[in-house]
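Please read the structure below before turning to the comments.
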Ligand code: MRU
């Protein structure tokens, strides 16, 4: 049975427990992860997914890898830990939280004074710290997003895309965290959840989370968003982010860019909710964000059924980039801000 609220990643009895997100909504299954290779596989196959959750999972993957290194020599230990980092970095390219969390774990390894055993303990503390921090950050994002909501109507209809909920974070969610805070304060009428082709994170995960908590949710196919906006059904759009460039251009699940264009055309505010760790200040613009390309079977197959003739070619990018000028505000743990205001947080993120 899922806990309420949902926590997708749990550290228990020296192992990581992950909700298998590939099996929701019909099967609630928990997978045990006991080594870094299993964690790399879980990230790659999307048992765990969503930018902040991938970061937390990678941090635990680093610890599991570290725990299994059999040397008492510090230098050898750090060299072998770099190999674990390499394995985990190869899992998914777009969500910067993965690389951020791995860098933070390596920093711990480099800076902790003491024996290899002390280093291992410090790495576990860091991974747990990243997880606890993410939950707190999501709650702050939720409250900052609530404050940024349009004053009217009193009860809002919010359109969401993909899943940026508890399942995509340590808990509570970013975009769905704002939805949760809005619901708690009785400012939410309902969400319209886009199903999010091709993997259907909106239908399978966002709708599932809402049903768990009794948040009213109407599921639409992605190509219904314009019509719903035109009919006046949508008061705001709220999405998450996988990587935000220094100028505010935002990579998120493929299809987000179209929703942003539609929101602009209908004069509806378009919000991005994300922790500051999702901002990659090393990339000046969104054109430089690496976009994951995924297997064509996600396009040509629904369940066991192949939906197109043989001889067709495919293109399956997992993410797109919404230009900063289409974003009304980016909602972070430090408040809601215009994309250009992110610059004030351009500090060395690991400092
Ligand atoms: O491919 P996924 O399911 O990992 O993509 C997830 C998204 O695009 C989310 O919107 C994003 O990671 C934000 S999660 C808080």
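Cβ coordinates come from backbone N, Cα and C, glycine included.
All annotation found in TrEMBL is predicted automatically rather than curated by experts.
The feature active site, proton donor is assigned by TrEMBL to 242. For residue 242 (active site, proton donor), the same-chain residues lying six or more positions away in sequence with a CB closer than 8 A to its CB are 51, 94, 95, 96, 97, 251, 252, 253, 278, 319.
If you look up TrEMBL, you'll see 49, 50, 51, 92, 201, 252, 253 marked as substrate binding site. Taking all protein chains in view, 29 other C-beta atoms sit within 10 angstroms of the C-beta of residue 50 (substrate binding site). Taken residue by residue with DSSP, residue 50 (substrate binding site) is part of neither helix nor strand, so it is coil.
Within the same chain, residues at least 6 positions away in sequence whose Cβ sits under 8 Å from that of residue 162 (site 'Transition state stabilizer') are 194, 196, 201, 202, 206, 239, 240, 252, 253, 255, 256. Per TrEMBL, site 'Transition state stabilizer' is recorded for 162.
Within 10 Å of the C-beta of residue 253 (substrate binding site) we count 26 further C-beta atoms, all protein chains included. Of the chain residues outside the substrate site list 49, 50, 51, 92, 201, 252, 253, 54, 94, 95, 162, 163, 164, 168, 240, 242, 318, 319 have their Cβ within 8 Å of the site's Cβ mean position. On its own chain, residue 49 (substrate binding site) has 21, 43, 167, 168, 201 as residues at least 6 apart in sequence with a Cβ closer than 8 Å to its own Cβ.
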